[in-house]
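To start, the structure itself, in structure tokens.
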């Protein structure tokens, strides 16, 4: 790709970013858009009503939202938004620090060295130069200047590992501080017990109570046995829809038609009162629900949520084998009540096993299927390939502006459009695997997305057109470093364009929230929107973290190969830091907490990125006829993996569970609290299946 084509892509995306930011700064001030750009604040403070008086300032773009987004401290984010939100922000902070250092070294040291090479001698003006002139490919084979890249790799690895260690330690400190500062939470005192043995003459509930009163008498508080409630939930969903419809009719938020004709197609029969009609249907559904609830007593599942009086008691029950038979009385930490994925208990073990096999096959098929759009995208990036495929377009493709747009902007845009449907698919696949909580489903989807992006967004793009037809390259591990060293630098221009298209424009479209804005406009146009019923969107950690980490992988691997990508990445992370602070404060609301457990994923992926950079460096120094540097690079991935193992042993156990020291100290602090009895009363029913709680919604509506 020529530098002019890259500049065209950057110019288009800069224009889109400026347009989106301008529109956002105006639209966010309009009272009618408060549920689009501030739903979290509306739900939290109930401030959905704003003055409708005309104000000229509302029509002028301003940047005051940036200042407000940067005002909250880390401690304020931790206390108001939760630990997961803080970890999400710290991923941006970590990336900004890494690529600030990388940009200084890459732009002021490595880039001039690359540019002064003579491997690609081109006597053109700067805009007509190829991107290869700014990459390590332009450095002459065997040149001593390559030792500068060698030293940069070692220094960069040390800096990344140091920052990673510091961030690990910081987040762990905040995780402990969050435990000490927060109020007692049900999941801290509760354990999920599965594999409850069947005892003749006893129900599941009686068996659980007898066991824990016998062996955990000092700390056992209560338990709730899980029931099969899938059929009841169907009735609940129908009742909820009917209740909302009845509420809208009575409030006048939809058509105030209070009567309709009964009979066939509403043309015959008596005039029926709509409110009375819906109320009777709702009453009948509630009667059916109560009947179904009364029949659920015999549909117990051999699992229960067991609550304890102390966190320490719950931790002991979680980490110690309960019965002689290791397949019975299985215990694990309970998720938050709102985090429980209740369909997990409906499926049998065999059904979950089959689902896992189906998910694995579907995931592999998706990886293979997405090679097709990758090949298409790489064909667009290559004018010669396009002319081969479509010879009748040769005249159009030779036009300067057309060729620059097609090679510089279209490939990354089309690839981004293909990727839009991937996150929902990964969430769907993960939900079929039998996870007990929504947070586990999101973590699984996050890992799947990372694998997908590594394969389809990186390796498939890098190898397509050069080594994709040689699938056996992966069966010969010795050739992998050389193949990657030859293929990766050639795709630098595509990934720079991808960063500005998917990164810059993607972030600006995130803050504009175009789809929710259009949906809000359409519902208001047809009079169907009700401010009381809108839903605050959940924080998209599982979708955004893979994208952030993938850009990190690009920056790390191209640090010494093509450092021109580094400032574009730094701009992306700075924009992301500002935009997502704004979105977390105003738009998103976490429905449940994972306790910062996304951070170990960030750590592992960063280590993988470093090792991949080292493997490419080994092959590249070999190709560049510098065998000594290639050999001296080999210890680097080994040292990096050893560092990762140390970090996992040092920090990972504290992410899986809290240490006894912290739990006992927190339990002692709770003993001095006056409202623990009230908390215990709430804890007893905290894990009651929502389907077993009788709906009283219709009773609360006055005629």
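Cβ from N, Cα, C; glycine included.
Under the heading coiled coil, Swiss-Prot lists 228-300.
Computed over the topological domain 'Cytoplasmic' (27-81), the whole-number mean pLDDT of the model equals 82. Residues or ranges marked as topological domain 'Cytoplasmic' in Swiss-Prot (evidence: experimental evidence): 27-81 (among others).
Swiss-Prot lists 116-143 (among others) with the feature topological domain 'Extracellular'.
What Swiss-Prot records for 166-355 (among others) is topological domain 'Cytoplasmic'.
Per Swiss-Prot, the feature topological domain 'Extracellular' maps to 383-410 (among others).
Swiss-Prot lists 433-436 (among others) with the feature topological domain 'Cytoplasmic', giving experimental evidence as the kind of evidence.
Annotated topological domain 'Extracellular' per Swiss-Prot: 464-489 (among others), in sequence order, evidence recorded as experimental evidence.
Annotation comment: Swiss-Prot describes 513-540 (among others) as topological domain 'Cytoplasmic', evidence class experimental evidence.
What Swiss-Prot lists as topological domain 'Cytoplasmic' is 587-598 (among others), and the listing cites experimental evidence. For the topological domain 'Cytoplasmic' (587-598), the residues of the chain that approach it from at least six positions outside its boundaries are 37-40, 43-44, 81-88, 171, 174-175, 178, 335-336, 338-339, 437-439, 442-443, 446, 513, 536-541, 545, 655, judged by C-beta separation under 8 angstroms.
Look at Swiss-Prot and you will find 656-703 (among others) tagged as topological domain 'Cytoplasmic', backed by experimental evidence.
What Swiss-Prot lists as transmembrane segment is 4-26 (among others), and the listing cites experimental evidence.
Annotation comment: Swiss-Prot describes 82-115 (among others) as transmembrane segment.
Beyond its flanks by at least six residues, the transmembrane segment (144-165) meets 94, 97-98, 101-102, 105-106, 109-110, 113, 116-117, 136, 556, 559-560, 603, 606-607, 610, 613-614, 617, 621, 624, 626, 629, 632-633, 636, 640, 643, 647 of its own chain at Cβ-Cβ distances under 8 Å. According to Swiss-Prot, the feature transmembrane segment maps to 144-165 (among others), an assignment based on experimental evidence.
Feature annotation from Swiss-Prot assigns transmembrane segment to 356-382 (among others); the stated evidence is experimental evidence.
Swiss-Prot lists 411-432 (among others) with the feature transmembrane segment.
What Swiss-Prot lists as transmembrane segment is 437-463 (among others). For the transmembrane segment (437-463), the list of distant contacts is 335-336, 339-341, 363, 366-367, 370-371, 374, 377-378, 415, 419, 422-423, 426-427, 429-431, 473, 483-484, 487-488, 490-491, 494-495, 541-543, 545-547, 549-550, 553-554, 591-594, 597-598, 601, 605, 608: same-chain residues at least six beyond its ends, Cβ to Cβ under 8 Å.
Ranked by number of Cβ pairs under 8 Å to the transmembrane segment (563-586), the listed stretches 82-115, 490-512, 627-655 are led by 82-115. Taking H, G and I as helix, E and B as strand and the rest as coil, DSSP gives the topological domain 'Cytoplasmic' (27-81) the counts 34 helix, 0 strand, 21 coil. As a summary of secondary structure, the topological domain 'Cytoplasmic' (587-598) carries 0 helix, 0 strand, 12 coil according to DSSP. Tertiary proximity for the topological domain 'Cytoplasmic' (433-436) is limited to same-chain residues at least six positions away from its ends with a CB under 8 Å from its CB atoms, namely 192, 332, 335, 340-341, 344, 347, 352, 355-356, 359, 444.
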